[in-house]
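As written in TrEMBL, here are the features:
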TRANSMEM  12-38  transmembrane segment
TRANSMEM  44-67  transmembrane segment
TRANSMEM  88-111  transmembrane segment
TRANSMEM  131-151  transmembrane segment
TRANSMEM  163-183  transmembrane segment
TRANSMEM  195-215  transmembrane segment
TRANSMEM  239-259  transmembrane segment
TRANSMEM  279-297  transmembrane segment
TRANSMEM  318-337  transmembrane segment
TRANSMEM  357-379  transmembrane segment
TRANSMEM  391-419  transmembrane segment
Amino acid sequence: MDERKRSLRKEIVRLALPIALQQFMTALVGACDAIMLGKLSQDAMSAVSLATQVTFVFNLFMFAFMAGENMFVAQYYGKGDYTGISQVFSLVTKICGCIAVVFLAGTLFFPEQLMRILTNEETLIVLGSEYLRVIGISYVFSGIAQIFLAIMKNCGAVNMSTLINGVMVILNIALNAVFIFGLSGFPKMGIKGAALATVLATVVQFLWSVGYVLCRIRAVKFSLRSCEKKLFGRFWQKTVPLLINNLAWGIGFSMYSVIMGHLGTDAVAANGIANISKNLVVCFCLGLGNAGSIIVGNRLGADRLQEAKEVGETLTKTAIIAGIVSGLVLIALSPFITKMVDLTPTARGYLQKMLLISSYYIAGKSVNCMTIGGIFAAGGDSKFGMLCDSVTLWCIIVPLGCICAFILKLPVMVVYFVLNLDEIIKLPVVYKHYKKYKWIKNLT
């Protein structure tokens, strides 16, 4: 047993660290965007923080289908069935490509309308629309690239996927500086420069990830033909609840930005920096959740059900510890974060309190990410997450937030506190469901 535990710890570290690093690097781009744009103006930074909510919703679709892909691919990989992997991979690539084109059209033709959903500040609408018209081009490249990177993670090429993401992030940050500020002879492009940098970086990510899978993971093949009818039905049966869950949670989460977006530019700026800070600190917890899905899925696919149950216990305990530590790290870093960005005194005061509130949010997020997004999803138990997130956000948090902000007109920090209660509220229900062990299923 001791040897098995040591082996599991090594497996967790081997998978979680590279995935966490990828999450961190992605969040780092957002942080660098905020810092650089903040040097231009607080309005530029606030506008982009709101405009990226469109990208966030796009990623919800991508993450849902990637989770469906991971659910099946992890189990097929544990079983050694590359035909099944290829069919799922081809199906998800075609779906995500179509979704990317729809979002591209939306940002090209309706950017002002999208921004008006997020804020009533005319300055932010104009600046955010400029950003959306350019950033939409990246959706096609990043959407397809993420599917190929997910295949790499599930088929043992985690380190290579981390390298690709790392190069993309470094390139993105470097191009940000060049295009935003007009370095090396390039014109100063401001907000449009930040978007263009992301587009070029995602093109590189797309070409590299597609080339690697086609040349190095040859057992996995892309096909335009339809997959088996039985697999097609099972995939949609398990993935639709994930999609609804992601959209219910994600659009609800975006409603937080909509609510804050109507409380003034200071609240928008502080909330944008607080979200970026949370995203940076919570990366290891998200990496653990992703690793947990792969580890548990491999064992379920190999029909080692009792071992999957034991692994789930270890992963959940690890997530609790990681969440507490991450929350404490955010508290420790908060004095440095508030000094790094150029904000008005009012916005800076908001940010200090928001970072403190975010620390308990991260602790709950870590556990829910491991259980709902990792362990439950690995066994195809996706309906619970859909119901849990939908009820928590749309029946409790969003209505309460709207009442506090627009009817009672409570202070900004009271509204922010209420909006960050969702992950804590879910914990008792999630724990009770976990103990039912409905997630212990072989889907293959």
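Just so it is clear, glycine is given a Cβ too, placed from its N, Cα and C backbone atoms.
TrEMBL annotations: computationally assigned, not manually curated.
Counting only same-chain residues 6+ beyond the ends of the transmembrane segment (279-297), those with a CB under 8 A from a CB of the stretch are 8, 11-12, 15-24, 27-28, 30-31, 67, 70-71, 74-75, 78, 153-154, 308, 311-312, 315, 318-319, 322-323, 326-327, 329-330, 333, 362, 365-366, 369-370, 373-375, 377-379, 439. The transmembrane segment (12-38) and the transmembrane segment (163-183) are in contact, since at least 3 Cβ pairs between them lie under 8 Å (pairs 6 or more apart in sequence). Within the chain carrying the transmembrane segment (195-215), a Cβ under 8 angstroms from the stretch's Cβ atoms is held by residues 29, 130-135, 137-138, 141-142, 144-145, 148-149, 151-152, 157, 160-161, 164-165, 167-169, 171-172, 175-176, 178-180, 189, 222, all 6 or more beyond its ends.
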